[in-house]
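S.K.: Structure incoming, see below.
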Amino acid sequence: MAATVRRQRPRRLLCWALVAVLLADLLALSDTLAVMSVDLGSESMKVAIVKPGVPMEIVLNKESRRKTPVTVTLKENERFLGDSAAGMAIKNPKATLRYFQHLLGKQADNPHVALYRSRFPEHELNVDPQRQTVRFQISPQLQFSPEEVLGMVLNYSRSLAEDFAEQPIKDAVITVPAFFNQAERRAVLQAARMAGLKVLQLINDNTATALSYGVFRRKDINSTAQNIMFYDMGSGSTVCTIVTYQTVKTKEAGTQPQLQIRGVGFDRTLGGLEMELRLREHLAKLFNEQRKGQKAKDVRENPRAMAKLLREANRLKTVLSANADHMAQIEGLMDDVDFKAKVTRVEFEELCADLFDRVPGPVQQALQSAEMSLDQIEQVILVGGPTRVPKVQEVLLKPVGKEELGKNINADEAAAMGAVYQAAALSKAFKVKPFVVRDAVIYPILVEFTREVEEEPGLRSLKHNKRVLFSRMGPYPQRKVITFNRYSHDFNFHINYGDLGFLGPEDLRVFGSQNLTTVKLKGVGESFKKYPDYESKGIKAHFNLDESGVLSLDRVESVFETLVEDSPEEESTLTKLGNTISSLFGGGTSSDAKENGTDAVQEEEESPAEGSKDEPAEQGELKEEAEAPMEDTSQPPPSEPKGDAAREGETPDEKESGDKSEAQKPNEKGQAGPEGVPPAPEEEKKQKPARKQKMVEEIGVELAVLDLPDLPEDELAHSVQKLEDLTLRDLEKQEREKAANSLEAFIFETQDKLYQPEYQEVSTEEQREEISGKLSATSTWLEDEGFGATTVMLKDKLAELRKLCQGLFFRVEERRKWPERLSALDNLLNHSSIFLKGARLIPEMDQIFTDVEMTTLEKVINDTWTWKNATLAEQAKLPATEKPVLLSKDIEAKMMALDREVQYLLNKAKFTKPRPRPKDKNGTRTEPPLNASAGDQEEKVIPPTGQTEEAKAILEPDKEGLGTEAADSEPLELGGPGAESEQAEQTAGQKRPLKNDEL
């Protein structure tokens, strides 16, 4: 028995340890439940979070604004982000980086890079020799890639979200323009990795806007399709999207609302920035004309002046949207010369006339890609700040054919709210109402490969083949499997973009390389040698276009198949018994279970193998070209049966005949016969058919990225370390600034306090002069040498000053606390004395307190009175400039000791049951006669009437003034049910008038 107990103890300890670990994991998980979204615009970003108790909230930045500039200022020893960096754009435009997202995923010879150079000539861009991309050259020792700069912005957005949520956040959904190609999307993902963010999804900003619109109007969505057009003009680009809303049936959640992207059109350079650049150029021209006769320099050659003009152009664009004209003015634009000029809305519209002509373009592209007409569009909704320009709305009304444009959506925050809803849906920590999102592929992707064919006997040639992998406007996320049937040796194939004819010539040049990846397969021939007796079912390449729209090749496999016959095996007694019992209840052994003993692999493929074995080679080859042997593994076909009839490789005819034979021979499944008798084992063995066995061999893959090489892992790690060092430096800078501000604030506050009466009363002139001199010396040091002081030095200076002023502050603080503490002590002493007096008046037969308890309380009361009077007398003798002997902490200690004794007696009275009353012979309680003498009732009668009422006031709570809970919570009153007080009254032998609630 003892040994058993000893064995159980370690198990119990292990169980408790596991429970503790699980609880710790749950607590840690609860601290990281929040998710965030980043609506990454060209000019500014919006950040939103979802955390337990906070559903979908826009994050306020440090300046309490709902949107933050996407701006970074980089210097040798400091870095600024957000609004701080936007303010530095005027002082140091060369080190202030903006609109750098336009350079993501683009090589140095891209037209978009040349456009960026012309817009912002103050930035120096050099070429990365390995990737042929551009980098910002801040100084000879300082350079950053666009991905690194974006990583800084994403890290800053996470810090804002964490400060707002008050907990760490790692999971995020980031919006990207719908026209981003594979290289641009991978660049954003690399930037997120540098920032340490786990990207749940890259969601297109038009899809996020459509999701936000649908989530808040899900009650209006029904089975009837509603086509909505969203026209989103941002700072850098314009996107027009046609979305269809309707309810659909899902396997997991039943009928749910769905949005489907039907058509997309875009213009990469049409936006508010281009309008501001036109205005900036106009203002620069006006300024040069005003100084034409002064032989001044061209304002365009001054980066700081051009930065001021761009900021004023941004303000002008906003003001002219609501006013017919406005006065542009800048103080000290250049060479201390002020600039002032009047600009009208008509002039602004003339400057941007060619831009307004491009407004209908995305609408036509969206309609063409959706294969819809304007009559099918129910509503056109405006999104984005530049759509507030009146001319944009005027020009847009004509091509959309509507009387008015919809403005019933938050144009600035819709994408952020839709993205954070998707983040909550993708996170395992939240359960949201399902909303099906079907995004669309903008750029088609295909597979190209070359194969030898024999056109004539003895004449062989190479034939180029193309297979569309993901078609234009096809839904994603989606998985596809393509099968190569005519290869038995290693070969290569290429993944490229499909037909991009819908793009204009300029867009094609900006698009970049149309070749994505070259795939080299290794090990195909070895797989055929490994399974010489198996029939090849082709080389299957598994592709995945994930939720972020990023294409990946999951794996490549060589698949073989053969027919095998299971040898009859003698069943054990238990197996026979189990089969017999299951057959009696209509069950049987599943053929799936019989096949589990092999290495067969079940595939999720939609299309059967191409051609049968009886087909001639030419016919099978033609069929391969026509049918494009592609298999979608995202969902099985609805007609595909489950169970044995769904074995891979069967043709529809084989499945039908198989079902028929099984229907005619039910005993093959182990089912009971007509009379309920299970079949004989020998008969079952004879009727057992041959089954197909599939073998899968993994094929080696070597990828060569052609559009834009990804960062090597070592360079990526170097970039991560570079950003971490910058973040650490920023934290150290913030800590130093905090220490300097604390020191400066302490100096000013203390200098002011030295002249306040309450501080002068408790200090001598010499003490104040000493403190004042030290404060002045430290202030001078802070002004002269404080800029180069470290955080430790600043903290040491502050600690030195606090130590010097500690006695002064202590005396003032104690005198502030005395009135409140002494008043509380007096109240507690008075209540305790009254309580003790009432307790002593309780009759002996009803007494619940012992003499020791009451004596102890009386001693504590007397000691406290004595200590208080003595300490006050001693304190009165001391001068105010000396350390006081009456301390607030001592008063609190005395109060705690006295309150502890009173609470002990109160709790005892509350939980003590009343003693039973003695009964006479008639069964009634004995009560003393009303006219009994005082000598007969000396020990039982409560003396004078006034004391009796006082005791009742202490022992019985006021029913009118306090409820039961209030009486119980009062530390100086008994909160019992009142039985003791009633019994004391009966023992007293005095008749009292009954109260209303006792009648």
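In case you wondered, yes, glycine gets a Cβ from its N, Cα and C as well.
I grabbed these lines from Swiss-Prot:
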- 574-583: compositional bias 'Polar residues' (COMPBIAS)
- 611-626: compositional bias 'Basic and acidic residues' (COMPBIAS)
- 641-668: compositional bias 'Basic and acidic residues' (COMPBIAS)
- 949-962: compositional bias 'Basic and acidic residues' (COMPBIAS)
- Asn155: N-linked glycosylation site (CARBOHYD)
- Asn222: N-linked glycosylation site (CARBOHYD)
- Asn515: N-linked glycosylation site (CARBOHYD)
- Asn596: N-linked glycosylation site (CARBOHYD)
- Asn830: N-linked glycosylation site (CARBOHYD)
- Asn862: N-linked glycosylation site (CARBOHYD)
- Asn869: N-linked glycosylation site (CARBOHYD)
- Asn922: N-linked glycosylation site (CARBOHYD)
- Asn931: N-linked glycosylation site (CARBOHYD)
- Ser567: phosphoserine (MOD_RES)
- 564-694: region 'Disordered' (REGION)
- 909-999: region 'Disordered' (REGION)
S.K.: Round to a whole number and give the Cα-to-Cα distance in Å for the pair Asn155 (N-linked glycosylation site) and Asn515 (N-linked glycosylation site).
M.R.: 32
S.K.: Given the glycosylation sites Asn515, Asn869, which one has the fewest other C-beta atoms within 10 angstroms of its C-beta?
M.R.: Asn869
S.K.: Quick one: pull the CA-CA distance for Asn869 (N-linked glycosylation site) versus Asn222 (N-linked glycosylation site), whole Å only.
M.R.: 82
S.K.: What's the number of neighbouring CB atoms sitting within 10 A of the CB on Asn862 (N-linked glycosylation site)?
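M.R.: Looking across every protein chain shown, the total is 12.
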S.K.: What's the CA-CA gap between Asn515 (N-linked glycosylation site) and Asn222 (N-linked glycosylation site) in angstrom, rounded?
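M.R.: Per the Cα atoms, Asn515 (N-linked glycosylation site) and Asn222 (N-linked glycosylation site) stand 42 Å apart.
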S.K.: Whole-number answer please: how many Å between the C-alpha atoms of Asn862 (N-linked glycosylation site) and Asn222 (N-linked glycosylation site)?
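M.R.: Rounded to a whole number, the Cα-Cα distance is 81 Å.
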S.K.: Could you work out which of the glycosylation sites (Asn155, Asn830) has its C-beta surrounded by the smallest number of other C-beta atoms within 10 A?
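M.R.: Result for the glycosylation sites Asn155, Asn830: minimum number of other Cβ atoms within 10 Å at Asn830.
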S.K.: What is the separation, in Å, between the Cα atoms of Asn830 (N-linked glycosylation site) and Asn222 (N-linked glycosylation site)?
M.R.: 74
